[in-house]
Amino acid sequence: LTGVLDDCLCDIESIDDFNTFKIFPKIQKLQERDYFRYYKVNLKRPCPFWADDGHCSIKDCHVEPCPESKIPVGIKAGSSNKYSKAANNSKELEDCEQANKLGAVNSTLSNQSKEAFIDWARYDDSQDHFCELDDERSPDAQYVDLLLNPERYTGYKGPSAWRVWNSIYEENCFKPRSVYRPLNPLAPSRGGDDGESFYTWLEGLCLEKRVFYKLISGLHASINLHLCANYLLEETWGKPRWGPNVKEFTRRFDPAETKGEGPRRLKNLYFLYLIELRALSKVAPYFERAVVDLYTGNGHEDAESKALLLDIFRDTKSFHMHFDEKSMFAGEKKGAKSLKEEFRLHFKNISRIMDCVGCDKCRLWGKLQTQGLGTALKILFSEKEIQSLPENSPSKGFQLTRQEIVALVNAFGRLSTSIKELQNFKVLLQQTR
C-alpha cells in the first residue's frame, strides 16, 4: 500500500511514520490509565432487528461475586445457552463451547475500582451533558476493564457474524439494492462482476455518502486486522498462545485472494484514521480548559492523564495533511441539513446493530468502536460550539460524557494499533516469501 488516499490530500507513508513515531506509543500509555481503561457497557440489550439466533450467543454470561481475598472470577457463560438448531451437530457444539471459553468477558474489578466508579458517576452527573446516554443508567450496564478484555479472535464466525456485517452494508450505506457490494472473502461469489459496478456507482456518489461507506469499511478492516494480529495460534496444556496469523491476514486482505478488494479495505482504514485524527485535533480546546478534569479521584494521576492527553492533541495538530471536513455538508443549506440528519440516523442504526453481535467480547469492542466513531463525527459537526466554549464553566452547546471520551480515545487507539499491526504483517510477509 502506497500513495495518496482518495478524497483527501494525504499519503499512506506520512500516516505510517506519524503513527509509528508520534501517536502509537503515547496512545498506548493513555489507554492504560484508570480513566480510560474502564468502559461501561450493556451487553444484555436484545437485538432490535431479528430474533437472536447467533452461533454461540453468550447471552447468559453472569458476573460472579468477588471474594476479597482472591483475584475475582470473570464472567462465564451460563449453562442455558440457546444454540441454533444446526448446533446439535456435535462439531458445532464443540466449536460453541470453545468460543464460549474464548469469548467470555472478564469483569474482574477490585473494590477500590468500584468505589472510584461511584465517584466518577457523581462527578459526571454534576457536568452539563450534551446528550444523555440512557444505556448507562440501565441496571444491566456494567463496567468492564478493557485491559483484561483485549480485542482478539474469539471463534465467533459463520452466518451470525456474516449477517451483522451484511445488514450494516446492505441496509445502512446509502446503497440501492441493485448494486452488488463485494464482501469477499466472506461472501459467496456473484459471478464475474467482482463488484466493479459497485465502485463505479460509489465514485458517482456525493462526497458525504462516499465518506460514510469508507468509514464503515475502514472500521470493518480495522476489526479484521485485530483478529488476524491477535489470533489463537495454539492451546497447549491449557496455555493459549496468541499472535499474528499471516494466513488469515492473507485470506482477508491479499489482492489475489480478495479479487483486489483487500487493498481497498486497507485504504479505507487509513481514511478512518484520518477522520478520527481530525476529530482529536478539533476537540483539543474542550480539554484545554481548566474546568475539564479526567476525574478518577486520584489528583496526581488525573493531572498526569490530562497532560498526556494534551500532549497527544499537540501531536495531532502538528500533522500537516488533515482531512478537510469543511468540504462536507457544504451545499445549499436545506439539502445539507437533511443529508447531515440522514447521515446521523444511518450511523445511529449501525450502533444499534452492534446489539445483534452474538459474542460478548466482539459486542463490547464493536459498541466501543462505533461509539468512538460516533463521538468523532459529533465533534466534527460541532466546530462552532467548541470554539465558543466558556473557559470556566460547563457549556450547554457542547458536552462529552466520560463514556464518549473513553470510547473516542480507545477507538482511535484501536486504529493506531491496526496501522502498527499492518507494518508488522508487511515484515512477516516479506520473511515468508
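Heads up, residue numbers simply count up from 1 along the chain you see.
The backbone N, Cα and C atoms fix where each Cβ goes, and this holds for glycine too.
TrEMBL lists a disulfide bond between C359 and one candidate from C356, C362; that candidate is C362. Packing around R252 (FAD binding site) is summarised by its Cβ count: 23 other Cβ atoms lie within 10 angstroms of its Cβ, all protein chains included. A sphere of 10 angstroms centred on the C-beta of C362 (active site) encloses 25 other C-beta atoms. With a cut-off of 8 Å between CB atoms and residues at least 6 apart in sequence, the same chain places R264, R265, N268 near S217 (FAD binding site), listed in sequence order.
Cβ neighbour density within 10 Å is lowest for W165 among the recorded positions W165, C359.
Cα spacing between H220 (FAD binding site) and C359 (active site, nucleophile): 16 Å, rounded to the nearest whole number.
For the pair formed by T154 (FAD binding site) and C359 (active site, nucleophile), distance between Cα atoms is given as 8 Å, rounded to the nearest Å.
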